[in-house]
Every structure is written in structure tokens, then in C-alpha cells.
Amino acid sequence: RPRPRRPRPHRPALPQGCSEPAGREPRLRDTPEDICFEATANAIALHPARPLLAAGDVDGDVYLYSYSCTEGENRQLWSSGHHLKSCRDVAFSQDGQKLFTVSKDKSVHILTVEEGRLETRFPKAHGSALNCVLPIDNHVFATGDDDGALKVWDLRKGDAILEARQQEEYISAMAVDGNGKILLTASGDGTLGVFNVKRRRFELLSEPQNGDLTSVVLLKRGKKVACGSSEGTIYLFNWDGFGAASDRFALRAESVDCMVPITDSIVCVGSLDGVIRAVNILPNRVLGCVGQHLGEPIEQLAVAPGGQLLASCAHDQKVKFWDISALGGLVVDDYRKKKKKGGPLRALSSKAAGSGEDFFADLRDEAEPAAGSDSD
């Protein structure tokens, strides 16, 4: 008969979910164990203050997990099956009390984080399938759909306060400046859209770039904007210079499907080849590999509070965690060392090259030599 588990005293959650002393607890790991799902997780988000992970899958289900570096301590807290079709994106509110989810069924749901209770629902929020959601402050959030339509919503009014359709293809990702004023939208038509949330108006579109724009992040204290593309290129824009890209950096990866900022200069990018690369922007360098879902396209990346952990979800129906604590201390100077062409990517975490086996053996002949190149 299994022995009943002793109740443990309540302790406040740690921001990184990782710095508990071992004490009498089970073994401590560098990163939490993988979380496995019955269906592919399209979207993940990490809570802004606590070790909580939200995920939405292709069946429309939404899950909330607590994660821990203590072995065996990952826990599913609740699940919600309110969406009728695939859940495309999830995002925590800035205060961490609500979870926003959007779906192919055209609906927006807002759930309480504590219980997973459906608090607010916009059943026909858009005319076509929703693709992404971005909380701007505790009352205002933005949504983008498959036809290039953007809406900005105010929960106090219970309706959209800005509606626009300036882009011709799906809106893949959004970002907002620190003042919650300028909203940027990356689109499958290759353009970057700029909207003024405060004045509720469209500002401008960039020139179309090659390939779909798949992601958009702010870097260099908001002075630079980086967009990833399906062609494996990162396009850089100056703030207030959104009409044309100021620089481009070809990673020679298959694609840049998702991207998250780690520091003011370093981003992690996920690709179709299943490799998560760390990239320094200005000077432009591929720093190495943080981790991989072997041969499985990566859907989304998320950074834990404190910047010590990265989470990733891919088509292998797993969420994996990676130790990125070393990235914060990397210094990249302008001097470019001559590299031997065809060398493997440098491993930037203990799990990056696998544990016990060389997981990169199969990748070296194809993706790795190109990805390690220093092309600007």
C-alpha cells in the first residue's frame, strides 16, 4: 500500500522556482522536469511572479501547472476545456491574477489564475480565427487574427476601443512599449504594423520583408525592435524608424518561429529544426544552443521571472525547461574571431547537447554548420 504523503508547511513561492535549499526534499535539479501533454501545446506563458506555467493545446484545452526544480514536484493545478477549437495563445495579466486565452473558435476567454474559473468571455471577438493576445495593462489588451485584423479592448468598457485591418495576412505576434502607448504587430505579409493605443489610431506599416514576420521584441532599452522571419532572418528597426529595417541578420537557421528577449541584447529563438539558439543583437552573433526538441518544430518560448529559466513547447507534446542563467553574464565584443566553418553550435546549458548521448550528431551535417555561422 502506498505510504500517504506528509503535508508540507506552506512556503512562499520563489520567483525562479529554483532556489530552494535541498534539506530533506527529494533531489534538486538544474531545471524542472519536462511536462508532457496528450496533445501538442501551441502556446505557453510563465507567471510574472510565481513558478506557474499556463499552456493551451490544439484540442482547445488550457492548463495551469506549478513547476519546481525539486524532482517530482511539478503539479497540474487545473484545466479548462471552454474553447471549442485549438487554443492559439495564452498570456498572464501584468498583475498575474488573470489568464487570457484566444482560440481558432474566434473567442477570447479570461480565466482566474487561482481557480481557472471563466470570468469574462467574448464569444465572437473577431470575424476570423484568433492567433495572438497581448495584455497592455490591467484593463487593456490587444488581439490579432488570421486575416490581419487587430483589436484593442478595454475591460472597463467591455468592448473594443480600437479596430484596424492594415495587414493582409495573419498577425503572428505583438509587442508594446514600456508606456503602453505604441503597439507593434508582426504579420505573415512581412510587414511590421505600428499603432498608437493612447490615441486609438493606426500609425504606419513597414516595407514588406522577405518571408512571414513571426515575432517582434523590444531590445536596447526600447531603442531597437527585432522581428524574426520564416526565412531564418532577424530584421532590426530603429525606434521611430519603422518604415524600413535598419539591419538584418541571417541566422542560416531554417526559420525564426518564435523569439523572446533575455537581456537588452540577447534573444532566444526557436526554429523549425527544433533547436533553441541564443543570439546577440548588435554586434550580431549566434552565441550557441540553449536546448532542443529533437527535430520537432518549436511553437513558443517563455522566460521565467528573474531570467534564470526558459520554457519551450514543441510538436513533441512536451514543455521543456532550460537553464539560461549563464546568458546574462555573456559579453560580446565587436571583434569577430575567425571560425572554422562547419563547426557545431556551442552548448550554452548542461542539457543543450543531451545527457549521456550526443544529440547533435544528427544535426551537425545539416542545421548546425549553417546556424553557427557569423553572417551579418
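Using N, Cα and C of the backbone, Cβ positions are placed for all residues, glycine too.
Per TrEMBL, compositional bias 'Basic residues' is recorded for 1-11.
The feature region 'Disordered' is assigned by TrEMBL to 1-29.
Counting residues per DSSP class in helix, strand and coil order gives 0 helix, 16 strand, 11 coil for the repeat 'WD' (137-163). The repeat 'WD' feature in TrEMBL is assigned to 137-163 (among others).
The annotation repeat 'WD' is assigned in TrEMBL to 298-325 (among others). Listed as Cβ neighbours of the repeat 'WD' (298-325) (distance under 8 Å, sequence separation of 6 or more from its ends, same chain) are residues 15-18, 30-51, 53, 55, 67, 257-263, 268-272, 274, 276, 278, 290-291, 348-352.
Regional average pLDDT for the repeat 'WD' (298-325) in the model is 97. Helix, strand and coil content of the repeat 'WD' (298-325), in residues and according to DSSP, is 0 helix, 18 strand, 10 coil.
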